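Asker: Below: one structure in structure tokens.
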Amino acid sequence: MALTVHLKSVTDLNGKGDKIGKVVFRGLSFYTRVLENCDDEARFDETFRWPIASNIDGNEMLEIQVFNYSKVFTNRLIGTFRMVLQKVVEEAQLEVSDTLIDDNNTPIRTCVTIEIKYQAMDGTMASWNDGEFLGDPNRSENDGTFQFETDSLLSGHSQGSAVSPGRSHLSLHLGERSIRKVGKGVFSAMKLGKTRPPKEGHKNKDEAAILETEDLDRKAMRLGGGFDPDTISLASVTAVTTNVSNKRSKPDIKMEPSAGRPVDYQVSITIIEARQLVGLNMDPVVCVEIGDDKKYTSMKESTNSPYYNEYFVFEFHVPPDVMFDKILKLSVIHSKNLLRSGTLVGTFKLDIGTVYSQPEHQFYHKWAILSDPDDITAGVKGYIKCDIAVVAKGDNIKSPHKANETDEDDIEGNLLLPEGVPSERQWARYYIKIYRAEGLPKMNTSIMANMKKAFIGENKDLVDPYVQVLFAGQRGKTSVQKSSYEPVWNEQILFTEMFPPLCKRMKIQIRDSDKVNDVAIGTHFIDLRKISNDGDKGFLPTLGPAWVNMYGSTRNYTLMDEHQDLNEGLGEGVSFRARLLISIVVEILDTASTEIMSTTEVQVEQIQNISEYVTGKMEEFFLFGAFLEATMVDRKIGDKPISFEVTIGNYGNQIDGVNKPTMHRKKKDGGDGDEEESELLQNSSEDEAEDDGDLVSVSTTPPMKPVITDRNYFHLPYFENKPCIYIKSWWQDQRRRLYNANIMDKIADKLEEGLNDVQEIIKTEKAFPERRLRGVLEELGSGCNRFVTLANKDQNQTGRTKLDRERLKSCMRELENMSAQAKTTRSQVKKNTVKDKLKLVQNFLQKLRFLADEPQHSIPDVFIWMMNNNKRIAYARIPSKDILYSIVDEESGKDCGKVKTVFLKLPGKKGFGPAGWTVQAKMELYLWLGLNKQRKDFLSGLPNGFEENKAVKGPGLQSLPPISLTYIMKQEFQLRVHMYQARSLFAADNSGLSDPFARVFFSTHSQCTEVLNETLCPTWDQLLVFDNVELFGEACELRDDPPIIVIEIYDQDTVGKAEFIGRTFAKPITKMSDEHYGPPRFPPQLEYYQIYRGNNIAGDLLAAFELLQIGAAGKADLPPIDGPTDSERGPILPVPMGIRPVLSKYRIEVLFWGLRDLKRVNLAQVDRPRVDIECAGKGVQSAVIQNYKKNPNFSTLVKWFEVDLPENELLHPPLNIRVVDCRAFGRYTLVGSHAVGSLRKFIYRPPDKTASNWSTAAKLMSGCLALTNGGPYSHPTGEIIVNMEPEPPIKKMETCVKLDSTSDAVVKVDVPEEDKKEKKKKKKKGEEIEEEEPDESMLDWWSKYFASIETMTEQLKAQEAAAAEAEEKEDMEIAAEGTEIKPDESHVKGSKGKEKSKEKGKSSKEDKKKKQQQADLLEKKNNKQKIDELHVYNKELEQECGNFEDWLHAFNLYRGKIGDDDDNVTDEERIVGRYKASFIYYALPNLPGSLCVYKVPLPEDVTKEVGFDPNFGMFQGIPNNDPINVLVRVYVVRATDLHPADINGKADPYVVIKLGKTEIKDKENYISKQLNPIFGKSFDIEATFPMESMLTVSVFDWDLVGSDDLIGETKIDLENRFYSKQRATCGIAQTYSIHGYNTWRDPMKPTQILTKLCKEGKVDGPHFGPGGRVKVANRVFLGPTELEDENGLKKQTDEHLALIALQHWEDIPRAGCKLIPEHVETRPLLNPEKPGIEQGHLEMWVDMFPTDMPAPGPAVDISPRKPKNYELRVIIWNTDEVVLEDDAFMTGEKMSDIYVRGWLKGQQEDKQDTDVHYHSLTGEGNFNWRFIFPFDYLRAEEKIVMSKKESMFSWDETEYKIPARLTLQVWDADHFSADDFLGAIELDLNRFPRGAKTAKQCSIDMVLNEQELPTISIFKQKRIKGWWPFVARNENDEMELTGKVEAELQLLTAEEAEKSPAGLARNEPEPLEKPNRPDTSFIWFLSPLKSIKYLVCTRYKWLIIKIVLALLLLAMLGLFLYSMPGYMVKKLLGA
């Protein structure tokens, strides 16, 4: 089934020129060859063919475009022809002639003629005559022989075989038709590895514009090779996949599993402070927990915002998977002590993987949000500010410079969350539903089973499974199902966690419950990012219900499972273990709801069972495999018979004794078609026939005895008989998932291949990488569009889950988006943007790989095991999706129906290290997996020419698949292997070298090269001939798709077995017997192949491979070989002339300088070393150093030798440096060696006179453009005006240059007058700018340092902002361009300007806002004090300046074996010394066609130059290398983030400096318990170069007992710095000053330095002129000429001018380079015991002064600033509106006994209290009480410095630096219970809100909106009085006002305080008057009468009167009643 288009001609063209055509169908483009010099007609006469997988729709389009071809610019479109294919579909054959249309859809005269043929899928269309096309010499390179399908379905690959599934009786027609392919076109080189370098001999001048692909020479051009390079694809990188017949797939080069190998990790965490902790008057401690390790900070008393600044380090040695799943938990605990565990305030959790995926692997100064796990409704519990960094071995973390704390106070803007995670995270429930499992392995031995049967009498399943889920540090378990291989749980596990979670993976395990210990049966990880999408149209995590497959160790049960780790999920599983039916649902909780449970405890609940059909319809699958070859079988296995077993799930697994399922679930004939659940445990033994007479699975090949190949390997003698296997299995039909993944994988593979091409082109510096990148993007776009059309079907398939639907939607969105972006990016790819766009496209690749990974499994993977004597030896695991068949080609797996080379590896940990590098077996395998009903196609991909052998099972079983294939077509070949050389091999011997030889394997043959002794860069130059190689299959298929060749490199050892160095693969170029041996394909070119050792690269091999068919005439037809071919006896054959590179004569000049740091060899010291240099067999020896100890430099400096090197620079051999020690009696001992892999950086290319001047002018011009466009002014005056102020160069910097190369450019520097005016203005403004004028006497070196750091952080921020803005702009451009594609703009100078104006038009409010911010920043900068600055480098100076190798290179000499990952031998340990030298090499012109860079003798203008010394060759002007005495002055400023060395998590660091034999230990000045010590020391050492040139600065930890420990050290090569042209001896200061903090410290003045540089560089100058001008070469600099001395007197000087010239020295032509400024460098500290992991950073610099020059002045004083003593006096006058806490004793009335407490942060123990204002009934309190807080303060750092002992056991005091914060609290005093805390306020003394004038104006806003209010500093204001609010949190966790305090703050220096002392409280001196408190504030038991009086008189007067009256009445009533009877009687009786 195919569409064929024959493009005949294009007529009526306008104008003469080169034409090229492009034909597009279904997104796949073909290009014609380029037709040169066409007049009005272009006769293309080319045929293109598209194999198609689905019938053509009548609406589909064919598009043909014709271009004017250009070699330099983009091709220009002439016109387009589009045709709807409806007519073609109807008629099958059509000839069309029609006009083209132009860009505007207007018809033009030009006319195209084409013929189209279409063969439909079902064969309904008429077939055409083959002869029409087969003889055509112009066929497109993609035609295979045409397919004549006899079956109704297309075979499973795009370019299929010519015969239907390859049965032998059909194959005969091929011979008769003798179909031949003509030419291979561009995609030819069947190889792996790198691009083949272009062949010089076949280059045409006019082919310049076309990529130099391997076969783009004359014949390929004629065969359609002349593509438009826009979409041309290089034939290189993975040409195994771009093959023509497509019957083989690409093997995997990297062998070693890297997953389970442990790695060193270091997690460092700094807990800085906490804020807004919820709770009253807390004593908080922070606990840092990673896994089971816990560490605690110290406790801070009674504060809600504690400051810690404590550093913790955790170290791990675990595999990456384990590390990244570890949970880091930060918790704040209130009042924890020895006796009680404290109460938890809140926690924060994230996994280590999240930190590691951050930029620089760290979070820096971020705020973690605390929440309470026990009460999820509670909200935020506070914030912790911390730094977290995760470092793996070899990572390099740049810690940002410590900025000022104010920026990070914005908590909301600096939350500790990855990008894209919302700041407001919500709580969510995660439901993991566990339904059931199947196929569990036996977990007990058969002995146990028999014992149980004997005792219990029944044989139960011997496994008790349960499921365990780990997520976010919590663990949930289901119930245990006793004795069940098919357990059913129907339970759900509930986790409550924040959403989105900061823990990415969920771990699900099936475990076997056991009384002794539970073991894992299998583990599965679910990555939450793969089952959710956080976009606008995203979805919450969801999965299933779906089966997940679990893999692990082999299923045969042993008591001690050596691969148990695999069951835990570490490493690649080697066998299927079980599958589990699960689903995951997440729901966001509404925490306001009353019904939700507020705890985060894990819960387990029962759930409903689900239907068996939910997971999809059960289908019968068929797996077929054919073993075409089994070679390279490791001989260690022994020679017992070997067989191979293939399993899918548990099907096919024979020796494990799989259990029968409980019921036989198969669809019966009369069934209704509903199949039951997977019969996973189907155990079909060989002799058991199925119920319905169906086939029986054959899963094992017959055992076969291996045959010896060579010393290391066996092979199995299959020859023409190829064993087969086939397995039937039943699975839910979820193929759609795998199909979608396959389409995306294929797009990604193609993209990766294209990107490798582009990188290769860039690396090999070939032309037009941008065109290849555009082609890659076009392919990507069409691939994405194809996915969208294909994936959109089968929407209503059964078993589709929510995740299936959502993932499909999101994948389609992503790919549509990617297609649009690719289209836009394609239009933006220009020559200068290739590298940036390449990075962008790599992101596409990562995204595609991420999307293609399907989280819901369906069919388990296929395992192939090599069995020997019923033992499992080695395995291969093949993902089922890779071999899954689909009718649609894009959907089938990449290896389906193809021959794949598979290397078997050892299982588990056995596969680590050297054991895993040996190939256990190399298989050529053919696999096909598909539905049983699609089975008819399963053989179609096999190489043709075989007969099937069926199993004899009686009549009626003919449809069985074959049990073996017999090949009747056999071809004979001769393989020629041209082994030229290898480079940069792995050092396998103790000498640091190897004795390498190569072993080449092809099919069952193997041969070796000779052994070359002691080299890492062997040039074998050897031809290996493999005769009579038999290959089975059809000749033409073998031509396009030969098997791969394996090359292994070994190190020959005198004793024992040769040691493996590395391995690589290649594909030979094949020549059939009837082909001509000649260009373009033959002779083959040498190519580089990367050699792999495990996963590491171990060198490169330069070789070529050709496979020549031996025809009927025998070997006589083969191209002749010079010399005998019998390699057994004959001599070694060299690589023939046509293949070896063309050589030219080169001269290599060597500068021998000296040797350094040579270690002992065989315990003897090196005394008389010599250096031997060798390149391509020629070399030169240095003079012998007579006494290495006395002078390690060479006496003769320059030597040279001539050598023949290839013309192609990429093929230049390495240069080998070997150092030998010349010992007595003529003995030589190898000291060490070094191989310089690439000589390219040393090649001398003479400067092109005109170009160099123009380039400088252009450089200036580009600067000028940038500045004039940016600035508002423009001066077209021919001057460069450089404003030398330290302000940012945004202001007045306008530049323009005369582009006349001879003209003098002028650099003008003016000191602006505005400064003085500005100063006056500032004073007038008064309070606004409180910054006082800098007083010179106040400033010191630290002022300069801190100002510089501030500038550096501002610059970094500005850079980040600029980068973000640029990104934004690009996004805007992309959005603006939308889908339009612009043709390439030719490189016009003005194009940038146009773009700019366009962008300006788009400028939005945001831009204005940004500009405003920049302006504010500028303003701030201008208002800053004018302090001279130095340059703070946040890296080593060497990194900034290219290791100072401007002319002197240091080569490390190595000896000893290279350690592998598991050995701890590092490169550092192998270094035995360093050799200092340099090289220059250039071509000599006595061979025609050589590079001929410059003639020898050297060009006249070089030799005529003044002072040219012929002895020094090209090394003119190098200094003398005699010993020189130097004063070295080392300044150590400070160390940061040191690794803790003591148990308490701190260190006591001090500095040790070592240079030669001098060692200075500063032990007595150690700094106690400090990880960020400020040393502020300078050390002077006198040294002699070269003997003492390596400076080591170490930081040690002082210990009271025992030896001191090394924390870390840094090494500096002083010699390279000393001799560097960049003048790294003493940095050039920013300004020249002779007094004050910025005194010039170099003994030479700027004028002297400038004169010396001009003299050395042979530069004309300096000429000082009037008016502040100095001329150097053709540059004129302008600047000030006055200098002020210490008395303020001004005098004339030229020093400023000279300094300006020095600062612009890089602009000086020829001699110029950037001079090192005055600086501080930041060097990482490393510890040899922990290689690769930084132990902290050291800030320092080094000055060097030769002692024969004037002596330098005293060292700069950088001793740490002493903190200044201050006294803070706080007077508490009154309080108001304090909340009333108590009830009155007698009356119950609300009142409070108020007192105020205060302290400075960090000095809680010195807290002070006022007296108590008793019985305040209104909240008012009167105190008139003075607190006095003395403290030491560092103004520059804004920190209080305090020293105190950490505990009673501490030896000495520890210094702490704490922010200056004053805390005031208000309390209610209680007599018998603890006092009640009422409220507090914390004032940052540097910036706190101004107090309110009255209590009324004082509000809570002063705390809540602190950021928006104007702030003041007590250090500037000195005295302030006002009202401030007290606040506390209420039950709802909200801030509320709890009182107000009137206070007065006064700051005095210690001297001022001494002069005017004041007393504490109300004491003398300056006593405060007693407060006038109302009478109520008394103490009742001291004056009881007064209390009674108050109670009686005021409060209860009326009550008492009423009571008294009532009592009187009662008394009267009582008396009345008492006396009444008496009176009555008296009256009655009348007594």
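Just so you know, glycine gets a Cβ as well, placed from its N, Cα and C.
As the structure is a computational prediction, the values presented were derived from the model and not from experiment.
These came from TrEMBL, pasted as-is:
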DOMAIN    1-98  domain 'C2'
DOMAIN    247-368  domain 'C2'
DOMAIN    411-542  domain 'C2'
REGION    657-702  region 'Disordered'
COMPBIAS  672-694  compositional bias 'Acidic residues'
DOMAIN    957-1082  domain 'C2'
DOMAIN    1129-1255  domain 'C2'
REGION    1309-1336  region 'Disordered'
REGION    1356-1421  region 'Disordered'
COMPBIAS  1365-1374  compositional bias 'Acidic residues'
COMPBIAS  1379-1409  compositional bias 'Basic and acidic residues'
DOMAIN    1509-1627  domain 'C2'
DOMAIN    1748-1899  domain 'C2'
TRANSMEM  1998-2018  transmembrane segment
Asker: When each of 247-368, 411-542, 957-1082, 1748-1899 is checked against the domain 'C2' (1129-1255) for Cβ pairs under 8 Å, which one has the most?
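Answerer: It is 957-1082 that shares the most Cβ pairs under 8 Å with the domain 'C2' (1129-1255).
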Asker: Give the residue counts of the domain 'C2' (1-98) per reduced DSSP state, in the order helix, strand, coil.
Answerer: 6 helix, 60 strand, 32 coil
Asker: I'm checking region-level scores; what's the whole-number mean pLDDT for the domain 'C2' (1129-1255)?
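Answerer: Averaging the confidence scores along the domain 'C2' (1129-1255) gives 80.
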Asker: Take a look at 1-98, 247-368, 411-542, 1509-1627, 1748-1899 and tell me which one has the most Cβ pairs under 8 Å to the domain 'C2' (957-1082).
Answerer: 247-368
Asker: DSSP helix, strand and coil counts for the domain 'C2' (247-368)?
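Answerer: Secondary-structure composition of the domain 'C2' (247-368): 14 helix, 62 strand, 46 coil.
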Asker: Reported in the order helix, strand, coil, what are the DSSP residue counts of the domain 'C2' (1129-1255)?
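Answerer: Across the domain 'C2' (1129-1255), DSSP assigns the residues as follows: 16 helix, 58 strand, 53 coil.
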Asker: Residue counts in helix (H, G, I), strand (E, B) and coil for the domain 'C2' (411-542), per DSSP?
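Answerer: Reading the DSSP string over the domain 'C2' (411-542) gives 18 helix, 57 strand, 57 coil.
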